[in-house]
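Pulled from Swiss-Prot, these are the features on record:
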- 169-180: compositional bias 'Polar residues' (COMPBIAS)
- 237-265: compositional bias 'Pro residues' (COMPBIAS)
- 285-366: compositional bias 'Pro residues' (COMPBIAS)
- 377-388: compositional bias 'Pro residues' (COMPBIAS)
- 389-404: compositional bias 'Basic and acidic residues' (COMPBIAS)
- 489-503: compositional bias 'Basic and acidic residues' (COMPBIAS)
- 504-514: compositional bias 'Basic residues' (COMPBIAS)
- 515-551: compositional bias 'Basic and acidic residues' (COMPBIAS)
- 81-161: domain 'RRM' (DOMAIN)
- THR157: phosphothreonine (MOD_RES)
- SER494: phosphoserine (MOD_RES)
- SER500: phosphoserine (MOD_RES)
- SER511: phosphoserine (MOD_RES)
- SER513: phosphoserine (MOD_RES)
- SER525: phosphoserine (MOD_RES)
- 169-410: region 'Disordered' (REGION)
- 477-551: region 'Disordered' (REGION)
Amino acid sequence: MADGVDHIDIYADVGEEFNQEAEYGGHDQIDLYDDVISPSANNGDAPEDRDYMDSLPPSVGDDVGKGAAPNVVYTYTGKRIALYIGNLTWWTTDEDLTEAVHSLGVNDILEIKFFENRANGQSKGFALVGVGSEASSKKLMDLLPKRELHGQNPVVTPCNKQFLSQFEMQSRKTTQSGQMSGEGKAGPPGGSSRAAFPPSNRGRGRFPGAIPGGDRFPGPAGPGGPPHRSQLDKLPTRPPLGPPGPPGPPGPPPPGQVLPPPLAGPPNRGDRPPPPVLFPGQPFGQPPLGPLPPGPPPPVPGYGPPPGPPPPQQGPPPPPGPFPPRPPGPLGPPLTLAPPPHLPGPPPGAPPPAPHVNPAFFPPPANSGIPTSDSRGPPPTDPYGRPPPYDRGDYGPPGREMDAARTPLSEAEFEEIMNRNRAISSSAISRAVSDASAGDYGSAIETLVTAISLIKQSKVSADDRCKVLISSLQDCLHGIESKSYGSGSRRERSRERDHSRSREKSRRHKSRSRDRHDDYYRERSRERERHRDRDRDRDRERDREREYRHR
C-alpha cells in the first residue's frame, strides 16, 4: 500500500478526505489510468505534460483560487474517469469548456488538459477531461454533443489510444488544409462567449484585457459563424469599435475607475477610440476596420514598441490614413501582410498564459518594453529555450566512438591491437585456404570478409601496416572468388548439360566481350601512338623549316 499512501499525499491539496481501504484499496484504477494517460504524456505535445500526473490536482486547486472561474464543487470519491472532448475550435479555453460542462449539471470535474501543437503551442482542438463519477461521464457523453460550443458540437469519447489517434489525425488534417488553402486559421468570435468572464489573463491565444481596442482578432469568421460583438459594450474598460469610418468619441469611464495602461505601449487617450490595425488571422488584402485617427499606434508583434506618446495637439489633428505609421524597429514586409499563422498568442509583454498553454512559446512580461526580433527572420539557435540534449548512454550516436578512436593511443596499446590484427589476418587466410581446398568456397569467403571488417573497425585501421594486412586479405578473397566461379561452372557442366551449355555460351560471350574490350583499348593505344608519331614528325618538320629559313 505504499503507492496508495503516495497518492493520498498527492491528492491532499484537493481538500477532500476519503477512506483508503474502502474506496482506494486496489491499484487497478490507478494502473489503468496511468496506462491510458501515458501515450498522451509521451506524445510530445508540451514539455509540462510529462509530469502532469503529479501536479494536476494541486494545479486545479490553484487555478480555482487565482482566476475568476466559476465555483467548482468537488465531489471526489477516489474514482477517476477520463474522457476525450474533441471537435473544438483552437481558441476554446478551459473556462468555456468548464461552463459548458457545468450547464449540464456536472460539477465533479477533476482536470481539464488541452492537447497542443509543439510548434506553436496552439490547441489541437481536443482536450482530456477527468470526472469523478460514472454518472457524470454518461451525462457528458449523452448531453454535451447536443450543446453548441463556438458554433461546433463537441464530440465526447472514452479515453483510449484509438480515439486519441483519431483526434490527432483530425488535427493534422485541419492544420494541413488550413495551410494549403492559404487563408490561415479563422480568428475567434468577437467575445460573446468570453464577455461573461472578467479579463483574467487566462485563455488560449487571447490578448490581455488591459490593452484597449476591442477584439484583437478582427479576422474572418471561423466554423462558429461570423464574429458578433453583442456583449462587448458590457466591458467598461474597452470603448466600442465602430464601423469603418471616423467613429465618434466614446464617453469617459465611470467615476473612480482608471483605465489600466497597456503593457507594451503608452496609455490610450480617453478622447479618441483605439486605432485599428491588422492582426494575425486577418486575410491578406482586407481593408482595415477604419481610418487611423491621430494618436500612438498600437504595438504590432515583430515590429518593436511604438515610439512614445505624441505631444499635446493644440491645432487640428493630422489627416487620418489607412495605415498606421511604421514605428522604429527592424524592417520587414508592410503592415498589411498578416504574420505567419504559426505565431499565435499574446504580443510581447502579455501576462503569462493559461496552465494548459506551454509557457515556453511566450516571452516573459519583464521584457515588455524591449523590442522583439522580427518574427520573419531566421530563428535563433533554440527558439523555444529547450535544455541541451541529455546523455543517452549506450544508445547515443556513433560520434562518441569516432571521438574515442581519434584519441591518441599509447605505444603498448598500438602494438597490442596490431598484433591482434596480424593474428586475425593470418588465421583467416589459413582457414580460408583450407576451406577453399576442401571446396567450401562460401565459408572461405565469409571468413575473409569478416576478418577484413574486423581489421577496418579497429582503432589502428588508418595505419599503413594495417592497410597492408587488409590488402593481403582482399587479394586472397579475390583469388578464392575467381576460383569459386570457375569450379561452380565445372560442377554445373558435370551435372546438367543444358545449363552447362548456357553457361559456356555466356562465358564465351564474356570472353569475346573482354577480347573486344582489350582489342578496343589496344587499338586506342595504337591510335595514340600514331598521333604522337605524327606530332613528332610535324615538330621535326617545323624545326627543319626554321633552320632552313635562318640559313
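From the backbone N, Cα and C atoms, a Cβ is placed for every residue, glycine too.
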Under 8 Å by Cβ from the residue listed as 'phosphothreonine', same chain, sequence gap 6 or more:
LEU83, TYR84, GLY86, MET141, PHE163, GLN166
Reduced to three states, what secondary structure does DSSP give the residue listed as 'phosphothreonine'?
strand
DSSP helix, strand and coil counts for the compositional bias 'Basic and acidic residues' (515-551)?
36 helix, 0 strand, 1 coil
All-chain count of other Cβ atoms within 10 Å of SER525 (phosphoserine):
10
